Amino acid sequence: MKTLVILSSILGDRSNSKQLADHLLARLKQSEPGGTVKIRDLAADPVPYFDGATVGALFTPAEARNAEQQRIAALSDDLVAELFDADRIVFAVPVYNFNLPAQFKSYIDHIARAGVTFRYTAEGKPEGLVQGKQVLMLIARGGKSEGTPDDTMTPYLKQMLAFLGMTDVTFIAAEGMAMGELAAQEGLALARQRIDALSLDARQGLAAA
């Protein structure tokens, strides 16, 4: 299987969400020795924020783009191509101030493209085009808000991924990362246990084993 990993923490190797991704990748290395992994780090290699030039480039037909618009659109095209090429997509996302990092929001803006990753039917209903993917959302959260109104990020991500056609999505959160060393260790251990309990069979989708 081809696995795409999107990292988004600004903390590099000290990132808790990256630790979860590393734990998953170690498991995949054993269970899928023939698989391939592509890693994109949005903090180390940031995706530019949307501006007027970006919108202009993406909404201009490819054959009509000037040289600068072609350069701008090339990155978005690469990000989208990675999505379609992958069988499994792993997003490692920390919670910053109750929401996702700015660099991850910028990534979403680049991959949410009408006529490319989603379209509208004749009846005006949206249809996601990034289909048939296993998606694992690995979240690191300073507090403990899973399943409460304070967790504003998870509902948004569920809606956005479904809008793009990604419906086989499993969320695993390491909570309590900013509540002391013991709480952080317990939160990471529980999240790792949930990762270990996953069935990663491509034919069955992500599910608890």
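Just so it is clear, glycine is given a Cβ too, placed from its N, Cα and C backbone atoms.
The FMN binding site annotation in Swiss-Prot covers Ser9, Ser15, Asn16, Ser17 and is backed by sequence analysis.
Shown here: features listed in Swiss-Prot, placed on the structure.
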residue: Ser9; record: FMN binding site; Cβ neighbours (10 Å): 24
residue: Ser15; record: FMN binding site; Cβ neighbours (10 Å): 21
residue: Asn16; record: FMN binding site; Cβ neighbours (10 Å): 23
residue: Ser17; record: FMN binding site; Cβ neighbours (10 Å): 26
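Ser9 (FMN binding site) falls outside any helix or strand according to DSSP and counts as coil. Taking the centre of the Cβ atoms of Ser9, Ser15, Asn16, Ser17 as the FMN site, the nearby residues of that chain (Cβ within 8 Å, site residues left out) are Leu7, Leu11, Arg14, Lys18, Gln19, Leu20, Ala92, Pro94, Ala140. DSSP assigns Ser15 (FMN binding site) to coil, not to a helix or a strand.
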